[in-house]
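Here's the structure, in structure tokens; my notes come after.
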Amino acid sequence: MTAPIVSLTDVNLSLDGNAGRIDILKHIALDVTAGETVGLIGPSGSGKSSLLMLLGGLERATAGQVRVLDHDLTKMDEDALARFRRQYMGIVFQSFHLIPTMSALENVALPLELSGQSDAFERAEAELAAVGLDHRTGHYPSQMSGGEQQRVALARAAVVRPALLLADEPTGNLDETTGALIMDLLFDLRDRHGATLVLVTHARNLAERCDRVIRLRDGMIAPEAAAEAAE
Amino acid sequence: MSTLRMAAKIARRELTGGLKGFRVFLACLALGVAAIAAIGIVRAGIEAGLEREGAAILGGDAAVQLTYRFAEPDERQWLEDTAVQVSEIADFRSMLVVDRDGQTERGLTQVKAVDDAYPIYGTVRLTPDMTLQDALANQDGIPGVVIDPVLVDRLGLSIGDAVRLGLQEFVLTALIDSAPDEAAGGFGLGPRTIVATEALEASGLLGAGTLFETEYRLKVSEDQDLTALRTAVEERFSDAGIRWRDRRNGAPGVSEFVDRLSAFLVLVGLTGLAVGGVGVAAAVRSYLDEKTTVIATLRSLGADARTIFLTYILQIGALALFGIAIGLVLGALIPILLTPTIEARLPVPAAIAIRPGPLLEAGLYGLLAAAIFTIWPLARTENVRPSALFRDTTGGADGSIRPIWILTTGALLIALVGLAAILSGLITLTLWAAGAILGAFIVLLVAADLIRRLSKRLSQTKTLRGAPTVRSAVGAIGGQAGETKSVIISLGLGLSVLAAVGQIDWNLRNAIAQDLPEVAPSYFVVDIQNDQLDGIRGLLAANPAVTDVQSAPMLRGVITMINDTPAEEVAGDHWVLQGDRGITYSALPNENTKITSGAWWEADYTGPPQISFATEEAMEMGLALGDTLTINVLGRDITAEITSFREVDFSTAGIGFILSMNPAALQGAPHTHIATIYADEAAEGQILRDIASAYPNITAIRVRDAIARVSEVLAGIAAAVTYGALATLITGGIVLIGTAAAGERARIYEGAILKTLGAPRRAILINFALRSAFLGLTAGIIAIFAGVLAGWAVTTFVMDTDFRVEPVSAFGIVAGGILVTVLTGLLFAWRPLSARPAQVLRARE
């Protein structure tokens, strides 16, 4: 069996909210192998996005171990996590999260620039062309539609040729047709770069495009999914 | 339900949300209003103090001043018959001489010679405690003298020591703690000495032609009408060149000075309000941006544009009134709390109290400024459409506004400037200042827009590729229109005022302290009698340290008529008409004299009197060749024709007379001579000793001491203006903090995305610091240009001296601008750096 590139062992996540401390994730154990595509589904508040944030090092586990590509994310500081992300990860969000004061090209080139890549803009242009936006490189997020913004976000995630691609409901803010287009692009990018994909979604049909589907409920992996996850 | 009632109802509900977003709004308004109110309270306090103490400051209910002479017996008798009591004062400069251990020490002093009736009101306080009459009485046949402690210390005197004034010996009996009439004295070059007039008979100091003034102070009955008395006095002394003052304005010079300085400070305060206005506008705009969905909802429910506008103008109006009220309370309380300190520093009495006038003035300024800066963003609420509910909610309240609001803003601006011009009384200065503020505002606005566009373009060039920190910082300046404008305008305007004050202050000090002594004489010598002139010239010629001596005959006179019309009606309140002027005569023009038009009289001319007048002052007064001037010299009116104009340069501190006449015109008039002595600084002490020993009656004024005294007064004025400028800068700082605070959410979000994409915190911090530094640098550079321009205008046109750019304060301004913006930026960088990206990004989902 191939060694997992993502391995979560007895992970808990608790956060302080207005109503006191809330347990978001409880005793999560999960392995994802290289090149695998995994769909995370579950009702609102089940902890899907929080689990994805833990995988991206954007959130810190309260307990347990989060290992990605043989690195223990729970032992890394903020800056080490940032450097790790720009080297190995691409993340796509539901609300795109493009920097509003940068053009599409600048947004896509930014992670490569941060890594000191001299060909950042050439690669960014190629990636924008791959998502069909080579004619919109100089436009700012406010000048683009939601679908176009998400395509820029996809290009930005893919441009670093990530080993791990994380997508948090990437079609949540889009209409059905545009959503389908984005999903096609996402899987196309994943195929081109051979990345491992973890996709959070509400839609079962989208999740089923993945190799494996994991259902979360009340911060825990649901039993049927747990069994599937352990296979 | 009427629209207004409906709007008021919605406004009240909306205001229950609290004042959190309005801290900067309130602080900006409150600070601006407080500064103006405080200045007004202090000014009103001084005016009330001068009015309350008017009679004591004046030394009587009214005073009649004569130049160069005592009243003739019939004039004196008329005054005695008219008033309840008359006191005669003579005032002149002299040298106080002390012989000690074979050495002679001298000090310049302003002598007041008094009679037994002095002071009519108030008391002269002395140490040791005794009456003035006792102190001035003969002590073993030698008259007593009381002296200002400053001069006593300078000459190392003790009570009982012998001193001399001219040829008369005195004994020091007491030190002057205070005299009731000193505030009216104005600017004096030497500390005060008081003696009895009768004791000066043998001094040789009050001879015909010497420079002294006499004042006849009158005590009148309570029911006597001062206006009628003034008319009677002016009729009785119509040809005597007298000056009248009365208790209603006991110290007109001080009063005018206080009025002008405070009016100038109010203008600086208004600049502060303009800077604060940027913060006010930004706060209102930000508030209304947040309210776009509320406005769109109200519109979708049927509220018309008028209801929406009224709803928010009522809210902003209520908050503005609250801010102004805070400002008025602060502006009233600060001077009251600081009363002991303020009164101790003022040379005049002050009755500082809360008065409605200054508070009303400051409140009006605050109200107008708040209206000017809030109407524009408020008018944009009309542009919000219900469709904003379905689109990006931040874009609703943009776009152009209707012309009516532009006209309203213009009208309010005119009202504000008009009010400032009327209330300050300095119409020209107010208009110039308003023009300068408006000009600076427009320049800064254009510059902010230019910088934004340039930054946007620069961030897209290939030059910055590969330097993501710099590129994203530059891109952020290009992308955040509101922040770039707010920072550049508020900081730029504040720094511009400070830069202008710095340039003016430095150039003024430079003109006085550095330029002048290079060409200025060492001494001005006055009161040289006709028979002493040759002796003094001979004495100085024998001294090798003396490089030049210039002298001129001198009389004093008052210009009373121009072309047979009262002079004030022709030339207004020009300074040449204020009091008496020095007049000289000369058969031939001086070798340096440059006649600009007309011709000098023949050397032996004996026809009707002719005048050569200073060109620049003539132009200011509207005089032309052929005009006649009537000058009262020692009570005699001389009418003469202006036959030439000539250049007079006062900047070198050499001898310069506005008026020069042909010798025959002044024949027989008793006069003295004035001389300037140019010598090495090291020899100045010996020259003074030589002259004073040989000619005890004459007075030598050391120019360096006079310059130091003038510099001291100017330093005080500069300090007051600098405090005003700093208040403006503090307001700018508040706007900066407000802007940084308003941008904090955006920075937290941006920081989260950058972290997600792999930017370490150091890179994010540098990014934030860089954009702050760029903005600070821009504001600083514009401030230098604006400050230098304002400094050049004031130095050249108001002060009439050469202008040079002062680099140290200019670079200090740029450095300060960068430092302030970077520190403010970093103050609000902590949360963006420490925030967890997951929480920030999910909050935006």
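From the backbone N, Cα and C atoms, a Cβ is placed for every residue, glycine too.
Quick caveat, the model's predicted, so the values are computed rather than measured.
TrEMBL lists B:27-234 with the feature domain 'MacB-like periplasmic core'.
Under the heading transmembrane segment, TrEMBL lists B:264-288 (among others).
Under the heading domain 'ABC3 transporter permease C-terminal', TrEMBL lists B:268-380 (among others).
Summarising the annotation, TrEMBL assigns transmembrane segment to B:309-338 (among others).
Annotated transmembrane segment per TrEMBL: B:358-379 (among others), in sequence order.
Taken from TrEMBL, the feature transmembrane segment applies to B:400-423 (among others).
Residues of the same chain lying 6 or more positions beyond the ends of the transmembrane segment (B:429-451) and with a Cβ under 8 Å from any Cβ of it are 263-264, 267, 270-271, 274, 413, 417, 420-421, 477, 481, 484-485, 488-489, 492-493, 496, 774-775, 778-779, 782, 786, 790, 793. Per TrEMBL, the feature transmembrane segment maps to B:429-451 (among others).
Feature annotation from TrEMBL assigns transmembrane segment to B:487-506 (among others). Sequence-distant contacts of the transmembrane segment (B:487-506), counting only residues of its own chain at least 6 positions beyond either end whose CB sits under 8 Å from a CB of the stretch, comprise 268, 271, 274-275, 278-279, 437, 440-441, 444-445, 447-448, 451, 718, 721-722, 725-726, 728-729, 731-733, 735-736, 739, 775-776, 778-780, 782-784, 786-788, 790-792, 794-795, 799, 803, 805-806, 809-810, 812-813, 816-817, 820-821.
Sequence annotations record features per position, and here TrEMBL assigns transmembrane segment to B:713-743 (among others).
Annotated domain 'ABC3 transporter permease C-terminal' per TrEMBL: B:726-834 (among others), in sequence order.
If you look up TrEMBL, you'll see B:764-790 (among others) marked as transmembrane segment.
The transmembrane segment feature in TrEMBL is assigned to B:810-830 (among others).
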*Are there residues at least 6 beyond the ends of the transmembrane segment (B:264-288) whose Cβ is under 8 Å from a Cβ of it, and what are they?*
21-22, 24-25, 27-29, 31-33, 35-36, 39-40, 295, 312, 316, 320, 365-366, 369-370, 372-374, 376-378, 380-381, 397, 416, 420, 423-424, 426, 429-430, 433, 437, 441, 482, 485-486, 489-490, 493-494, 497, 720-721, 724-725, 727-728, 731-732, 734-735, 738-739, 742
*Go through the chain and flag residues at least 6 beyond the ends of the transmembrane segment (B:810-830) whose CB is under 8 A from any CB in it; none is fine as an answer.*
487, 491, 495, 498-499, 502-503, 733, 736-737, 740-741, 743-744, 747, 764-765, 768-769, 771-773, 775-777, 779-781, 783-784, 787-788
_Remote residues contacting the transmembrane segment (B:764-790) - C-beta distance under 8 A, at least 6 residues beyond either end_ = 436, 440, 443-444, 447-448, 451, 455, 469-470, 472-474, 476-477, 484, 487-488, 491-492, 494-504, 747, 751, 754-755, 805, 810, 813-822, 824-826, 829, 832-833
*the domain 'ABC3 transporter permease C-terminal' (B:726-834) - residue tally per DSSP class, helix then strand then coil*: 94 helix, 0 strand, 15 coil
*Non-local residues, at least 6 beyond the ends, that sit with Cβ under 8 Å of the transmembrane segment (B:713-743)*: 23-24, 27-28, 31-32, 35, 39, 187, 261, 264-265, 268-269, 271-273, 275-276, 278-279, 282-283, 286, 480, 482-483, 486-487, 490-491, 493-495, 497-498, 501, 505, 508-509, 512, 820-821, 824-825, 827-828
